[in-house]
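Feature list, courtesy of Swiss-Prot:
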- Asp139: active site, charge relay system (ACT_SITE)
- His196: active site, charge relay system (ACT_SITE)
- Ser521: active site, charge relay system (ACT_SITE)
- 32-108: domain 'Inhibitor I9' (DOMAIN)
- 113-580: domain 'Peptidase S8' (DOMAIN)
- 350-436: domain 'PA' (DOMAIN)
- Asn82: N-linked glycosylation site (CARBOHYD)
- Asn275: N-linked glycosylation site (CARBOHYD)
- Asn348: N-linked glycosylation site (CARBOHYD)
- Asn359: N-linked glycosylation site (CARBOHYD)
- Asn363: N-linked glycosylation site (CARBOHYD)
- Asn614: N-linked glycosylation site (CARBOHYD)
- Asn642: N-linked glycosylation site (CARBOHYD)
- Asn656: N-linked glycosylation site (CARBOHYD)
- 1-23: signal peptide (SIGNAL)
Amino acid sequence: MAKLSTPLYLICLAFIFTRDVSANDYRQASSVYIVYMGTLPEIKYSPPSHHLSILQKLVGTIAASHLLVRSYKRSFNGFAANLSQAESQKLQNMKEVVSVFPSKSHELTTTRSWDFVGFGEKARRESVKESDVIVGVIDSGIWPESESFDDEGFGPPPKKWKGSCKGGLKFACNNKLIGARFYNKFADSARDEEGHGTHTASTAAGNAVQAASFYGLAQGTARGGVPSARIAAYKVCFNRCNDVDILAAFDDAIADGVDVISISISADYVSNLLNASVAIGSFHAMMRGIITAGSAGNNGPDQGSVANVSPWMITVAASGTDRQFIDRVVLGNGKALTGISVNTFNLNGTKFPIVYGQNVSRNCSQAQAGYCSSGCVDSELVKGKIVLCDDFLGYREAYLAGAIGVIVQNTLLPDSAFVVPFPASSLGFEDYKSIKSYIESAEPPQAEILRTEEIVDREAPYVPSFSSRGPSFVIQNLLKPDVSAPGLEILAAFSPVASPSSFLNPEDKRSVRYSVMSGTSMACPHVAGVAAYVKSFHPDWSPSAIKSAIMTTATPMNLKKNPEQEFAYGSGQINPTKASDPGLVYEVETEDYLKMLCAEGFDSTTLTTTSGQNVTCSERTEVKDLNYPTMTTFVSSLDPFNVTFKRTVTNVGFPNSTYKASVVPLQPELQISIEPEILRFGFLEEKKSFVVTISGKELKDGSFVSSSVVWSDGSHSVRSPIVAYSIQP
């Protein structure tokens, strides 16, 4: 993305600061706060006027108009304003205010991926109904001219569409890309200058485009999960993604009439769901029948790192496919080592001198020089040479110094190949150590880095190390992430003005139409695409029914490659075709979530304002008893446990059907009983309840045990993971 020059940036900041201070000289230093006020009143009401009057009472008439940043007025009630901490606390004490929290900034977290999850081009589709489904993508914008968003063969937008094309300068929508908006006052367009939003939008709902590739790698037909669906793009990310803009995008997307929201943005840890923009936005989306898919985050493999943990949204971990990118390093002595990267460059059989970072630095300590830290690589000493760096981020410094190539030790992301701007490879510890030994002993040491090739990864699927893990420390007794989806080395549409190796080097000037990216950001739109696919078959299904269908039909993964098991992959890897016909679903209504929030400590007044419903909190639902498709409980590591889960399923399969329960796999540490063990249905939409009781001896501190309940009628298999854990923050 193009950046403001430093002088202009400072001028803009100076202007903002001057404006705020001059508006009210006695005010303390201020920040942007979000004042969330719940649902919009049903009476005749002007949100901006009301918001301004609140500020006028707080700071006076003259200052108020300068402090108001944005009003949320289409789908829920609230505003953003420049406030001091003391002023924010005064607003928090107002009866009509649910929460006040600072607007933070957050990070943005295919030819083969859909085939790998059993969702080929010939999968059963309802193309006419699919074209009525609208996927809203909250991200870094979109490149409207991409073939993935061409509207050939599309009719006019669905009648339910209430949005518009406000993409800015030189930006045109069409019958495929039916809407666009942007939310930063320094921007002039919804056009994607980072590539991220274009990539995610095309993964969810892009057209089928033949012969797509990244310089010949991953060649094939690139397509989204629902190629016939429509797309609306909401640009909230401009290097970073601010809460104030994220909420504005939700406000618009809900009112515009989207059916599914994909948001590949991982919010920082929050202790209160009503202080989190994605949680608030997705709650109001759920109330309007819209399902939100959100990325689990890229802070793995640490326990408890999972983000976007609201129970009303579907939280997506990343998994790999059976396609892996590797490259080989051939040393002067003929020894070949295997590394990983997406390296499209060819050295044509020529071996170049290879030097260690410590030997080509004049200004740094030995440790920093070995890492190839910023400013440590001497350009005069690396010209025409390959540099060996102890740190993954040495890529950029070697490139900027003018080296012919780089080899790095990859302990940061050992299972993820990233696009590199010149010949490069990342090696595991043992192979890297052998190169260091070779440099010390050979005279002269030489090497060649070969172009990346594709191989079959027979251990897939597995969750890569970067994908955030559970358990959730925000809401105990709720399994997060919910599911996993392909998010490793995914090819999809890209912005031609963005650097394809921006993660490592924004100076990479290559222009591409399709690129390879990794992250839970890439996994999230896969699930949004599946949700849209299920919606095309069942347009009247609730968000919880669609979510249940995706979760209970997911495939459990290889335990040897995924030692964290459900805390890594949730219910398992998505199976789109099965999700369209799940047999049974677990449904959760708004009032059920509110009862759960009561049990989590929220009071009746707060929840009444939030939902617009009359909430008394006389009835509370423990999180473990929320009618969720998984069953999870925290247990003390000091005592044996005995826990009961109550669940209700709705028949959406055959009218006359009988389901029998089984426990898979049987675990000696976990005793499970199900009552009743048989459910008989006589008609569609009939509901049946059952109780699952688990017991066991005390778990070791920081451990867990898991199994699953599977209901089967011979045609459908409805699987619900069960997890007991003693992991604490």
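Placed from the backbone N, Cα and C atoms, the Cβ positions cover glycine too.
Given the structure is predicted, the values throughout are model-derived calculations rather than measurements.
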Closest to Asp139 (active site, charge relay system): which of the glycosylation sites Asn82, Asn348, Asn359, Asn656, going by Cα position?
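Out of the listed candidates, the nearest Cα belongs to Asn82.
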Taking just the CA atoms, what is the gap between Asn82 (N-linked glycosylation site) and Asn656 (N-linked glycosylation site) in Å?
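Given the Cα positions, Asn82 (N-linked glycosylation site) is 60 Å from Asn656 (N-linked glycosylation site).
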Report, as a single number, how many Cβ atoms besides its own are within 10 Å of the Cβ of Asn348 (N-linked glycosylation site).
7
Considering Cα atoms only, can you say which of His196, Asn275, Asn359 is the nearest neighbour of Ser521 (active site, charge relay system) among these recorded positions?
His196
DSSP secondary structure for Asn642 (N-linked glycosylation site), reduced to helix/strand/coil, please.
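Assignment for Asn642 (N-linked glycosylation site) reads strand.
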For the domain 'PA' (350-436), report the average pLDDT of the model, please.
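The average pLDDT of the model in the domain 'PA' (350-436) works out to 93.
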Could you count the residues of the domain 'PA' (350-436) that DSSP puts in helix, in strand and in coil?
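Across the domain 'PA' (350-436), DSSP assigns the residues as follows: 29 helix, 21 strand, 37 coil.
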Measuring Cα to Cα, tell me the gap between Asn614 (N-linked glycosylation site) and Asn275 (N-linked glycosylation site) in whole angstrom.
21
With Asn642 (N-linked glycosylation site) as the reference Cα, tell me which of the recorded positions His196, Asn348, Asn359, Asn363, Asn656 is the closest one.
Asn656
Write out the long-range same-chain contacts of Asn656 (N-linked glycosylation site), meaning residues 6 or more apart in sequence whose Cβ is under 8 Å from its Cβ.
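Expected: Phe681, Gly682, Phe683.
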Based on DSSP, name the secondary structure state of Asn275 (N-linked glycosylation site): helix, strand or coil.
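Note: Asn275 (N-linked glycosylation site) is helical by DSSP.
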Out of Asn275, Asn359, Asn363, Asn642, give me whichever of these glycosylation sites has the highest number of other Cβ atoms within 10 Å.
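Result for the most crowded candidate: Asn275.
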Given the recorded positions Asn82, Ser521, Asn614, which one's Cβ is surrounded by the fewest other Cβ atoms within 10 Å?
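Across Asn82, Ser521, Asn614, these recorded positions, the one with fewest Cβ atoms within 10 Å is Asn614.
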Suppose we draw a 10 Å sphere around the Cβ of Asp139 (active site, charge relay system). How many other Cβ atoms does it contain, all chains included?
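Excluding its own Cβ, Asp139 (active site, charge relay system) sees 29 Cβ atoms within 10 Å.
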Whole-number answer please: how many Å between the C-alpha atoms of Asn275 (N-linked glycosylation site) and His196 (active site, charge relay system)?
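His196 (active site, charge relay system) has its Cα 26 Å from the Cα of Asn275 (N-linked glycosylation site).
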Could you count the residues of the domain 'Inhibitor I9' (32-108) that DSSP puts in helix, in strand and in coil?
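Summed by class, the stretch gives 28 helix, 24 strand, 25 coil.
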State the three-class DSSP label for His196 (active site, charge relay system), counting H, G and I as helix, E and B as strand, and everything else as coil.
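Looking at the DSSP assignment, His196 (active site, charge relay system) belongs to a helix.
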